[in-house]
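For 1-18, 368-409, 464-484, the entry in Swiss-Prot reads compositional bias 'Basic and acidic residues'. Positions annotated as domain 'DOT1' by Swiss-Prot: 54-369. Taken from Swiss-Prot, the feature S-adenosyl-L-methionine binding site covers 173-176, 196-205, GLU223, 259-260. For 410-422, the entry in Swiss-Prot reads compositional bias 'Polar residues'. Per Swiss-Prot, the feature compositional bias 'Gly residues' maps to 880-903.
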Amino acid sequence: MSEADAGARDESPSRTAEEPAAAMRIKEERRSSSVDVVDVGNGELLVLHSIFYQGKTLRLPGNRAHMYPVVFQMIKGVCSLVKQLVVAFPKGWDQNTPSISEIAALTKSFNRVAKPFASNWSGSYNTDTLKEWGEPNCSAEVAKAITTYAYECAVPRPADLNQHYKSFTSETYGETNPEQLISIIDELNIGPQDVFVDLGSGIGQLVCLTAAYAKCKKSVGIELSQVPSNFAQDLAGYFKKFMSHFGKNHGKFEHIQGDFLNPKFKQLICEEATVIFINNFAFDAALMLRINTELLQDLKHGTRIVTTKELGTNKKEITFRSTSDINAISHTTELKTTESAVSWTSSHVKFWLTTIDHTKLIKYYEDQRRRQEVKSSREGSEISDGRDMGLKKRKSQRESSVHPDKLQKTEQAAASSHQSPKWNEPDTDYTPPAKKPKKEKLLREQQDATPASSHHHGASSSSGKDREKEKEKKKNKIYEEKKVKTPKPPKSSSSRYSSETPTSHHHHHRSNSISHSSDVIRPSQPKATAPPPPLVPAPARATASTPPPAPPAARAQSPKREEPLEPPTDLIHHGGGQLDAKTMNALHTIREAATTSAQAAAIQDAINSVLSQPTEASPSAFGPPLAHLPAPVAIYPTPPPPPAPAPAAPQQASAAPAAPNVMPVCTEIAAEQRHTFMIPPTDPFYNMIVSYYFAMKQFCNQSKTADPEFVGRLRLDIEAEEARRAELKESITLTSTQIDELLATGVNTLKSRLDELGMPSVTDVTELLAGSKQIVTQHKGLTNTVAQMENSVAVEEQKLRLIGGPDAVRYFDEAMSHPNVDIAKLTDLVITTRPPNFVAQILLPDDSPTASIDSKVSPSSSSSRRPRQPKPRANNTAAGAGGGGKRGTSGGRKSDGGGGGGATEDVELEIRQFVQHALKVDNAVKEKERKARGNFMAAAADRIPR
């Protein structure tokens, strides 16, 4: 059993198995009860007896002063539970923290009283008196208190923890308070089935707290720095002692010194760990990237990660680019936060829970596989459709080789009708219709062929008639098939609107196009996108059961082009007069403005309604159709009066009266045919409004019926937008990471510069400005001091030269370079090394007040002149004794008088020389000051950022 497992116990120990051990422990405590501070070699042990069931005697080093307050707090806590233990203590013992000697005395008294309690309570947890402290398992408060005791014993000076790392790095030390960890354990329901791993555990107090409160199967802390690891080992030892003293059970725990990114820890982190705690608040981006790629991506399913900085965001969808992100295999939620959750700040710090869920990525790949299968199946169906189309094309080619005339006519008939579903589709083999011959040419050919056929033999004519009848039958059959055939909905938007309107007028148009008057100019072939509306005679549209018009062969029997044609009956005004050419041209222009079948039907209906109204105006005064269009139904709900029947032509007098010229009403677009657009068809915006209307109508129909193609396109658009959104979010995340890295680099650079400038504790811009001003002021003061000192040095050097000679400064510098300087010897050396013609200068007191004591020479003093006198002064006493007093007196007066005149001249000369030297020195000092100021300004200019 390892050292870390020494404190592990069963939650329900056997009383019979523990009684012998308890008896032995009582004997051991009795042997040591008389001595509370035991000498062990050079140190001492502080002994404290336990009153808890299965508790062991606590022995702490007695030579460490910081442990005595911990023992005092323990005694105080036990006495608050058992009031009888304070009988031997003096009054007011718990008011203030006593000294070390007083704590030792209290410990001795406590051991004396606690011994009988331990004997009486042996074999019982005594939870009635000890409350939660008597339980074998730790509650939240008990685990917190025991961990705090161990922390205070292991770390005598917590401030030392803030000195072993560099500021603003990933090794920055910060502690999570025990209250926050207890809240996390309760919220995540961490228990004996979990393996708790703290990456960057510091001194390991969270590992010990988890082992005490959650009793995990294993709690491991990994720390890189050496100093916190040493404290963690001490903390583990004291934690085991305190747990044994209080008789508590705890799980296995271990503190490891090393880098948690080392591959040797990967099995522990990725395979065994179920709960991982990472205080990544100060981790830089590079370290977080390594953690994500080297550890988090390999975690097993269900692993829970608690962090102080969010690892990822809850993205709803996974894209191909985000499959390698932590968000693709995890869910992130915010945990509850207590007050003062961390030690480095009083602000609110969030804690995040990231749960590994590999099923997210599995579901994503399954969805991708299903989409690929659907796509491949669609492609296979398209290929099969293409094969069918190829077969049809080859079949049509074979038919064209056998019956070229028949195929050509069939294609022309199909091209003339715009109901072909594939006439404008880009993905089909569409052949544009051949140009039809002009109607006049066809009429001439038919008329020329009629008289020629009358001269043939009877048998040949009969056979020719049979062939003509067969051809007519075939053509009628083809015509009926085309008319009955339901067209396929086209794909292009231009043909989308024509599919919702009746198309019978397209078939009638070919047979009646030649019924127009010769004054109307019509194109030889209608436009592919805007077929003109038909001009069908009224009798042909009398009823819905009217048979289709005659085939082209029957139309060959029509009269020649040169014969005058009767005006169409639908262009005959109900007033009895025929419309003039100008009005007919206007009507045809209006009809040609239609681009879709719906517009053509609406225009024809409007024209019919206008022509059916009786009017008293003459045909020549008939205005354009726009002036006679009926008002919208929504505004004028009263229907117009029934139109009067048109007068019959002379050749049709015996026939029944023709029905009104009205287009058949379509139930789907009845409102459109009754002019609900509220604008005339000739308006420039009419086509655009109608096209928008039908496009919106088709869109609504597809939405209501949930068209698979429409739903598929909509889903593809949604997926594309979601992918775009995911890419933008990922780009934002990468950009934010880069910004954070740059900000961290800038902050580190700023901190290093502030450390160099002596401002390591700056936390605000105001403090930075104040420190900058202080540095500038200090620099100015130092500059002034240097200038003054240089001035003083120059003055002193000049004085030294004046007094000691030109080489005095050199001797002085050489002597000052030695550690021990003898001023007397230096003075003698200066004096002896003077040149023979050296004359000591006199310094005036006004110019050099500091040198008046050392080097000022009085004008009346002869000490400075004695070395220059060849003869010594005569002794006045000897002169008096020799009887030459008068001579001596006169000689003395002469000497005094002569000496006084020479001294005055010498003094004046020395004064002039001194003034000259003083001026030179002053000029030199000023020049130095000027240079110093210039250098300072240049240095200041260089420091200013550009």
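Note: Cβ is positioned from N, Cα and C throughout, glycine not excepted.
Positions of the features from Swiss-Prot, shown on the structure.
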residue : record                               : Cβ contacts under 8 Å, 6 or more apart
THR176  : S-adenosyl-L-methionine binding site : LEU206, ASN279, THR308, ALA341, VAL342, SER343
ASP198  : S-adenosyl-L-methionine binding site : GLY204, LEU206, VAL207, THR210, SER219, VAL220, GLY221, ILE222, ILE276, PHE277
SER201  : S-adenosyl-L-methionine binding site : VAL207, GLY221, ILE222, GLU223, PRO228, ALA232, HIS255
ASP259  : S-adenosyl-L-methionine binding site : ILE222, LEU224
Secondary structure at THR176 (S-adenosyl-L-methionine binding site), reduced by DSSP to three states: strand
Confidence summary for the domain 'DOT1' (54-369), mean pLDDT rounded: 86
DSSP state at ASP198 (S-adenosyl-L-methionine binding site), helix/strand/coil: strand
